[in-house]
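I have placed the structure first, in the form of structure tokens, so that the comments after it can refer back to it.
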Amino acid sequence: PCTKLINAGSSSEGTEDSDFSAEHTDSSESDAHVVRNTRLTRSSLRLSRNSQDIKESADHDESPPRTPTGNAPSSESDIDMSSPNVSHDESLAKELSLKESGLAHRPKRRRFHESYNFNMKCPTPGCNSLGHLTGKHERHFSISGCPLYHNLSADECKVKASSRDKHVEERTLSQRQDENRHSARQQAQTERQLRYKEKVAEMRRKRNSVPLKEQKDKYTEHRQTHGSSREPLLENVTSDYDLELFRKAQARALDDLEKLRLQGQVTEGGNMIKTIVFGRYELDTWYHSPYPEEYARLGRLYMCEFCLKYMKSQTILRRHMAKCVWKHPPGDEIYRKGAISVFEVDGKKNKIYCQNLCLLAKLFLDHKTLYYDVEPFLFYVMTEADNTGCHLVGYFSKEKNSFLNYNVSCILTMPQYMRQGYGKMLIDFSYLLSKVEEKVGSPERPLSDLGLISYRSYWKEVLLRYLHNFQGKEISIKEISQETAVNPVDIVSTLQSLQMLKYWKGKHLILKRQDLIDDWKTKEAKRGSNKTIDSTALKWSPPKGT
């Protein structure tokens, strides 16, 4: 059915977004002043009661919490004036001197326990989160640092840590003694080194390579009792010397991991990747993505921007980039205009790349459901080329055979390219493919909030462009759908949101609002033709069977 087209010169009823800013008042100085006056008053009260020994309970304003090690804070500014170890006269004098010198406002030094989240607990069953495998920390919140998981106690870890430190000191001292000797390229082994070599050989010969029946029963019972919640027993698996070397390497790795955690590069318990290094950009992630646990616990991932392989460190990435031969996505290049290219990647032929692309997209999409079965999908990857290669701008995926004629299953623009017109280019490209296929397309439902905003903006531009070029008096929704490849349902919903569809005297009327068309023409002139899809640059035919 045709509807009548009516020109309407009504003013635009759109509303502008307004920014709201909240004013915050900083009351830290006033709070500090109240606390100091309270402490001075209480100290004066204690001075007037010399005959009584009153021990008041400390509140949060008076005494800071003790560290996990049980030691009191070492900073002078953290010392409570009500401490029984400090006399009243000395405490009052120190408080007055701090007030006069202005040191009372000195910020507290960051202590180790301040980086802990005490609401977290070790996931090992029966563990109270006390102790650490390295023997240097009083608490842990991960399986890797749990002494109980490694079949040890907190005291045993401390003893092992002290023995390791002692061994390091002895080794450093012996190396210094060796350096005092005349160095030569073909220097013979020292007497100390020869004795140590014989000692190691003797320790390795003592190992019983065939475990006894009692040991086998012990291993089996341990495995049946604890399962995967505990580390397997390692006694007699190798020599005591080699087992001790493994424990030292394990403790050193955990010590490095703890340093990274304090720097904010490792998150324990949450398995949330905070940032990724992608090409020359460092991107903050928005949502959780199911990367393997050994990668997910790292706060930062390093990715090759061409093959999308993910790595743990900058060194591994640098070595990979020296050997990686990829400079563009796999698959066929079906579109090129200027620096913009689009590659068609088959999920069946390039499964690993498509899975890595889905994992990457999940970091920035909330409503995306990740499927490792990428074979039924085609991925259209948009890139921007320079002298180093084709850099990923965004992509959209679509089913090879969609019964509901969905032309997009998932769509993403990388954060560094957002708000630059690339999102509408991807949407326009998906509808261009639908036109070539002679189908009416629509994105897969339900749409996310951001996806609905992007598509509604695109549909609005398509309809305004069509109405601007239309010269007739009667218009049909079906004709608009056939020429633009937009689903009629999407056309009607967009017209209703623009208040351009009216029902009057039993007929549907489309109001041709000239004010909206003029606004669109102004924006189109400012934007230019740099971020538009040229249908003549497409070199593509629909895959067989679709």
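Using N, Cα and C of the backbone, Cβ positions are placed for all residues, glycine too.
Annotation comment: TrEMBL describes E444 as active site, proton donor/acceptor. Look at TrEMBL and you will find 21-34, 52-64, 161-182, 192-203, 213-230 tagged as compositional bias 'Basic and acidic residues'. Annotation comment: TrEMBL describes 37-51 as compositional bias 'Low complexity'. Residues or ranges marked as compositional bias 'Polar residues' by TrEMBL: 68-86. Annotation comment: TrEMBL describes 268-542 as domain 'MYST-type HAT'. What TrEMBL records for 1-92, 161-230, 525-546 is region 'Disordered'.
The compositional bias 'Basic and acidic residues' (213-230): residue composition by secondary structure is 17 helix, 0 strand, 1 coil, according to DSSP. Taking Cβ-Cβ distances under 8 Å and a sequence separation of 6 or more, the neighbours of the residue listed as 'active site, proton donor/acceptor' in its chain are Y406, V408, S409, C410. Taken through DSSP, the region 'Disordered' (525-546) splits into 6 helix, 1 strand, 15 coil. Note on the compositional bias 'Basic and acidic residues' (192-203): DSSP counts are 12 helix, 0 strand, 0 coil.
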